[in-house]
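Below is one structure, written out as structure tokens; the observations come after it.
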Amino acid sequence: MEGHRGKKRSLRDYFSSNPLENVIHETTLSNESVGCEVEEVTVSNKIPAFAPAQKVNIANEKSAQAESCHLSHDTAMMIKEMETLFAFPEESVVHNFYKCTSGHCQHLTAQEQSRLKPSRDRFIHNWLFDKSLNLCRKTGLAWLVYQEGKGMFCFLCKKHSTENQQNKSKVFNATPSIRFKKTALQDHLSTQQHKDAVEAEMLSRVSVFHKEVEERKVVKEDVMFKAFMAAYWVIKEEISNTKFSSLIELLTLLGLDHMKHFQYTAQGSVREIFLALGAALQDKLLENVKKAHCFGLLSDEVTDVSVLEMLITFIQYFDNKTGNVETRFLFVEDVLKNSSSANAETIFSVLTSQLTKIGLEVKNCSSLVSDGAAVMTGLRGGVAARLKEINMKSLVLSDKSKKVVAKKFKKACQTRWLSFHAATQAIHDDFLALQHTLRQLKDNDAVACGLLSKIDSSKFIGTIYILKEILPVLASLSKNFQRGQMNFSHIEPSIAYTTHKLTEFADSKSPIAALKKDLEGRLSTCELHLTDPQENQLTGLLNKYVAALKENIHRRFDGDLPIVSAFSIFNPLTLPQPGSGAFKEHGTKQVKTLAVHFFQGDQEEKAKQEQLLVEWEKFKFDMHTWRHDIPEEVKVSHLETATEWCLKRLISLKTTYSSVFPALANIAEVCLSMPVSNAWPERGCSALKRIKTRLRNRLSVDMLQSLLIISINGPELGTIE
């Protein structure tokens, strides 16, 4: 070093060329700031920034004054930060630039020198003052820390806990480096571990705004996940979309500080989030539907709060993944969007265009269930007839939940007769109290006066008695369908029983006989009398009502009823014992009916029909062995019938039996995908009216569809799905 002396320069002249480097030398410069005069020093060209203390030539008369100068605040903070960070034991001897400069430390202890003496490579104390080794130009910090008896550490790597990305080692961090070579320090400066630490240090010093930007990057995915989860909860609970932003604010107040970085609270952004959630669920549904061989549709019309005629449609299919029959909401559409009349042509156009839009083939629709309105079930121009033109094998069913009475006492509004039965029964049981109350209120209440004029007649009470007798029978038939089970053997007997009871009511005139008896008994104080003309009028009403109901039932079920009833042969519990004559003939007639229907119009139609008969003869023996495998809960439970269990098993074993029973397997899937109730669209209509309320009457159709998909199809929060 003595042979490389350069010209004399002051410390201020040298460090003024690089302001960042002044930070690391604040100890030296701070002496001037407190009035300590520093003489010119002789600086080595080799280590100009960190001349060893013994080389600094300071006048003897100034040394005492220099020693009295206290450290700057930043230097003291650096020493304290290092001590806190490394937490060395009290007896440890530690060297770093800041501590050695402040304490005038010039060398290692004698004990440490003796320990290192046998080694070829030793730690050199002057490395702490070597600018090329110990000064980080970006951060302006001296990073090298040496603990006697242990090794070398990096202050920056320790502070930001960086590690080697390849082998996950933490040398210079948690583990000291004992490779006491100058090249080891130079190599460490070029490692990714040290560069990451330098970058982290620089980020910690930048502006608050930049920190926030970086924090947003780190928590971006977590924030988006929580925001989408919050949006899903809002939709699932059928809460107004506008409450989403306030929910995000609430989450922030409750301690989820990262949610403050969620900035997509504008109306357009929230709309996109809601639509994206609905689209994700619909895509998942369509993926499963497209794997099925066929599907059934359930459609109904409903008028929403904004007086729009909406077509709401559900889909039923067999899910090969779960092995269950699934019924899911499919779409909702404004019927009058491109038409002025909700006729059969318009509804069929909406139905087919929506199926095409979402990528489903209309020809794969094997069945359609509606509420029985003429526009849906018309034999010539109805939606069902138009569907059969595309797929002549499709089956059409109508749920017996058609409106048969348009008014009820509690409120003058349209309603379904199934729920109307309870109101009718209440009026029948409490007619005297109702009449008395309205008579008391008629003078002061116009509504009570008007209602009293309607009910205070023999015709009204006679109509109530007719409905009281007939509605329970219709309710029983409707409930058989609304269970949605595959007990097809009960469909035809249930319909026959219903028509028989209706005929019996008309022939016996039992409702009118019960009315005459009560007018002389419990209703004697109501001041109502049944004259002969009134009795004849009620008799005519009863006969016309019964005739209309029977015609309606036959119109709905007679078309495809034989085909639907033929599916009852798949019930293993009704199968006779093999070897008997009944076993040989069992199901033959029904299979012929199915063969004629499902193979009509096909090439080699006759050959396929014969093939189905052969498959059935073989399958009966398989079905007989399955009788012993039917779970006990299927035999005693009403959640699943033996027919449905048998069909599911046939479908689930399709890979095994497809080569043996290919035709039967396809018919089984048609049977499973065929809805037997229109209850699901009714529930969808209820959900629509809950979501699109008077205060939310401006919901667009696409947003309404997303909300309905999540509300009806979406899994509950907290589930695996």
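Glycine residues also receive a Cβ, built from the backbone N, Cα and C atoms like all the rest.
Per TrEMBL, the features are as follows:
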DOMAIN    143-202  domain 'C17orf113 probable zinc finger'
DOMAIN    656-710  domain 'HAT C-terminal dimerisation'
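The domain 'C17orf113 probable zinc finger' (143-202): residue composition by secondary structure is 25 helix, 11 strand, 24 coil, according to DSSP. Remark: secondary structure over the domain 'HAT C-terminal dimerisation' (656-710) totals 40 helix, 0 strand, 15 coil, with classes taken from DSSP. Within the model, the domain 'C17orf113 probable zinc finger' (143-202) shows a mean pLDDT value of 91, rounded to a whole number.
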